[in-house]
Amino acid sequence: MRPANELRPVEIQLGYLPNHPANVLYKSGQTIVLCAASVEPSVPPWLEGKGKGWVTAEYNMLPGSTVPRKRRERSKLDGRTTEIQRLIGRSLRAVVDLRALGERSIVVDCDVLQADGGTRTAAITGGFIALAKAIQNELPGITIGEGPLRDSIAAVSVGVIEDEVKLDLDYDLDFAADVDMNVVMTGSGRFVEIQGTGEEATFDDSQLTEMIAMARRGIEQLTQRQREVLQSA
Ligand code: UDP
């Protein structure tokens, strides 16, 4: 069994889709997400003429990503999908200087090919790599901390299962968890968002502190992986 403070194995393939200029296949154990960041040379109407760019995200789970099959959403997004794609967009914008990006929009599409818990955190961590690659394609030579790329962003889940704090919950752990938390943090170690819920249970200050410390260590490792992948691109 995986130790409580260990991440699932992470595999990252930048440029998985040969015809798309900024995409990544991100695997965290059995959770697999394809993230593609596409650039458009315009901004939404409400941002026109303001000298700023825009970054947004879309998230979806493919029907075959779960058993039983998840119904394909054709017209209206369900509440969970809407909530998750807004979280991904907010998280990515937190590390982009939109003024330095200039009047261009970047849409980061995160499609879950296989879901085994932690799809939103995988979408954020993988989505950042695709976004950074798209920005580097537009502005060659830019590295993290320069120009529009103010910092990196990554996310991980953490939870409490039978009074033990555990990092990076897969579906079985998520299902068994009394407390479930998603932590989004920049590469420089600052929080962007924390979503924590005690389901049929409550949690105290010391568990909260332990969860956050464990998530921080996990995110440090993910940050390192993101930088390695982008450096070798
Ligand atoms: N899940 C599913 N069908 C759904 C929603 C979720 O099978 O419609 C599973 C899937 O494995 C997912 C997990 O439940 O990863 C946890 O879902 P949650 O809503 O907590 O989001 P996630 O942990 O994926 O960010």
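Using N, Cα and C of the backbone, Cβ positions are placed for all residues, glycine too.
Here is what TrEMBL says about this protein:
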type    : residues                      : note
DOMAIN  : 6-134                         : domain 'Exoribonuclease phosphorolytic'
BINDING : Arg80, Gly118, Thr119, Arg120 : phosphate binding site
DOMAIN  : 152-217                       : domain 'Exoribonuclease phosphorolytic'
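Here the features listed in TrEMBL are placed on the structure.
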residue: Arg80; record: phosphate binding site; contacts (Cβ under 8 Å, 6+ apart): none
residue: Gly118; record: phosphate binding site; contacts (Cβ under 8 Å, 6+ apart): Arg8, Ser28, Thr31, Val156, Ser157, Asp168, Leu169, Asp170, Asp174
residue: Thr119; record: phosphate binding site; contacts (Cβ under 8 Å, 6+ apart): Thr31, Val33, Tyr59, Met61, Ile84, Val112
residue: Arg120; record: phosphate binding site; contacts (Cβ under 8 Å, 6+ apart): Tyr59, Ile84, Leu87, Ile88, Ala155, Asn182
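Mapped onto DSSP helix, strand and coil, the domain 'Exoribonuclease phosphorolytic' (152-217) counts 19 helix, 29 strand, 18 coil. Largest Cα-to-Cα span within the phosphate-binding set Arg80, Gly118, Thr119, Arg120: 13 Å.
Within 8 Å of the centroid of the Cβ atoms of Arg80, Gly118, Thr119, Arg120, where the record puts phosphate, the same chain has further Cβ atoms from Tyr59, Ile84, Val112, Ala115, Gly117, Thr121, Ala122, Ala123, Asn182. Sorting each residue of the domain 'Exoribonuclease phosphorolytic' (6-134) by its DSSP state yields 41 helix, 40 strand, 48 coil. The average pLDDT for the domain 'Exoribonuclease phosphorolytic' (6-134) in the predicted structure is 97.
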